[in-house]
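Data block below; observations after.
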Amino acid sequence: MAYAISGIRFPSVPSLHKPSHSVNHGDRRNVSNLSFLLKKEPLSWKIFAGKSSYDSDVSSLTVPGGQTDGASSSTDEIEAPGALVGDSQALHDVDSPTMEDVLVEEETNKSSMTSSVADDTFEAHSKDASFPSPKAVNIEENEARPRSVPPPGTGQKIYEIDPTLNDHRGHLDYRYGQYKRIRSEIDKYEGGLEVFSRAYEKFGFTRSATGITYREWAPGAKSASLIGDFNNWNPNGDVMKRNEFGVWEIFLPNNADGSPAIPHGSRVKIRMDTPSGIKDSIPAWIQFSVQAPGEIPYNGIYYDPPEKEKYIFQHPQPKRPESLRIYEAHVGMSSTEPMINSYANFRDDVLPRIKRLGYNAVQLMAIQEHSYYASFGYHVTNFFAPSSRCGTPDDLKSLIDKAHELGLLVLMDIVHSHASNNVLDGLNMFDGTDGHYFHSGSRGYHWMWDSRLFNYGNWEVLRFLLSNARWWLDEFKFDGFRFDGVTSMMYSHHGLQVAFTGNYNEYFGLETDVDALVYLMLVNDMIHGLFPEAVTIGEDVSGMPTFGIPVEDGGVGFDYRLHMAVADKWIELLQKNDENWKMGDIVYTLTNRRWSEKCVAYAESHDQALVGDKTIAFWLMDKDMYDFMALDRPSTPRIDRGIALHKMIRLITMGLGGEGYLNFMGNEFGHPEWIDFPRGDQHLPNGKVVPGNNSSFDKCRRRFDLGDADYLRYRGMQEFDQAMQHLEETYGFMTSEHQYISRKDEGGRIIVFERGNLVFVFNFHWTNSYSDYRVGCLKPGKYKIVLDSDDPLFGGFNRIDHDSEHFSHEGFYDSRPNSILVYAPCRTAVVYSLEEDDPEPVQL
């Protein structure tokens, strides 16, 4: 039976209890490829694009085969080595060190080793086959990339950087010892992190010259078979074989004419008899997954297009910039129209905007496939598959390549902190057991996020997640990651209902998840070893010490921490009148970060734009934004205040908040609407109904046209944000080692500081303007204005004369050896530069 939509035919999947007749491995070319139509997308698109995977020419992956005592870790003590559940492979054996063994770094008497994925069946099919290499990218930089991860360091430098960490040396040395031990096991039994992180060349679907091999780790399953369009969904046609480690495998030889047994674009699933019953699952390593129109579940897609349809990268990846200016973006909601936008449209329409605004990196959200659109991409179902709502994997590669042509880094918002609890489409209960990829019981469930939590102490989970990070860097040429929800990973309490005060006992105590921290160290080690230019950013609200210190020195290894406290502070202040703002409080929050650990600061991100919260612009101007943003109509005091403070808040955040800066798309011009994803009514178990929005896309888009309109006040706010980015590109103040705060005037509401060779003057007073206001400065000479928030171009009132000259005066003022006299109008921010230090303007 088949049904048609817009001329496209979809074979229906037979009933679970009514399997179709057996089909042999003969010529299956009669199975037609499929095309899918995007909802809310005016253009249909095909799924014929991407890159095939091949059987690796390296030796088979191996894992420790030792036994454990089976004891699970208690929640009131630091993670002891994890336990085996069934046939799953765990990280630790019975001889693993405990907290009492903090000085023990290496184990002896390892148990004998056995292959985890290869058996006689695989060897018979592959030993005579030639293995084509993955397609070569015509970019020399990739050829020079190192293919091994340097060995661990001593892990002791953290005590030089922060001597107070010596009080917690036992915990930190234990943590580093666990990391070194696991690195040693990976090196000894897997061939090193470089090989271990390429498991996508063994698991899932891989292709050799003679056929297709499919492997899946599902130790809880009693039987398994591969089903799909290629065999008319017959569960008896392609039965899989299980090895001793719970890895199921099947080899499908090529058809008689040499074509693959599974045509590109075919729907595929694995049917398993599990402890929870018969279930069909999308393969865990699937590289593309699509929801057909009118259907609820997703279908895995066998993704292996012809060579001529694969996207070939043309442009080298940019070098890592000194300072990051990140434009956080969601491809699906990046259209000005109420629709799901495509990778192609984002490439053509949004990337040039990001470049023009002066950002040097774009951070893409919701890339990993997620069945629930309104999850913002944070409830991932298919970790190796790019979201099919926006196009094909080839389309995503084309987007990334275009960004590289423009000189933009492309960072991915990767989710390894939890996974969707969706049983049909995701990893949850994949093999019918509760503790497969995740901790079992309450420990494996995040009650606030309604999602599953990975067991980072499991060997196969490490293999899966490390390979997932490697996949996006290797296959799609992403330039790094923003790791989501890292605070949740690092603590058994997940940071929920915990007020971190900075006491070190909060970070190095019994509630620390050492297994998770070791995983973070491993993934940072792998990324920075194999991709030296890649950037890693961790979303951590706790302030974990050593978070941004290299792994070899004993740190967790992130390049940057998201400075999340800044956005919270602004929301807190915006709920008060200006009269209650404290200059010292603002400065303290912006500068309260650990020495030598870099931060990405932001005034607001996507979090503050969601329904249930408010953007800064909405806090400031509220409903007046709907009626008084046209230049041909009179403004209001609320609009004047809002536009002025919007600019000041963003500039002082960039000026003092960190070594990187982030903005969510549209917020640069004060986007007037919140984000509300299309959703229907939600019926709760208690009988209550949470109203939806009739599945509307009206609030799930970005009105870039408002920021571009020269007849609206939004334009001035956008122009100011662009000027901020160009100022930083020209002067590089965010990464300068020179930072000095010379004035925090609570009475006058003045903040003055030096960053690099620039002097920043902020007047937060609502009415008071100051003439001949003396400002301390380091260097003598003539100063000029390089940025003025009161400029008419930015929607200001033109109160400052840019032709006036500011010559320094000798003599200490505010502990500075020189000073200048300036005019500081109310609610303005002005940046001054010494003319002789002035670099040539940078063309972006």
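Every residue gets a Cβ built from N, Cα and C, even glycine.
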Of 16-36, 58-78, 667-687, the range TrEMBL labels region 'Disordered': 58-78
Cα-to-Cα gap, Glu539 (active site, proton donor) vs Asp484 (active site, nucleophile), nearest whole Å: 5
Cβ neighbour count (within 10 Å, all chains shown) around Asp484 (active site, nucleophile): 22
Overall pLDDT for the domain 'Glycosyl hydrolase family 13 catalytic' (337-701), taken as the rounded mean: 95
Other CB atoms, at most 10 A from the CB of Glu539 (active site, proton donor): 21
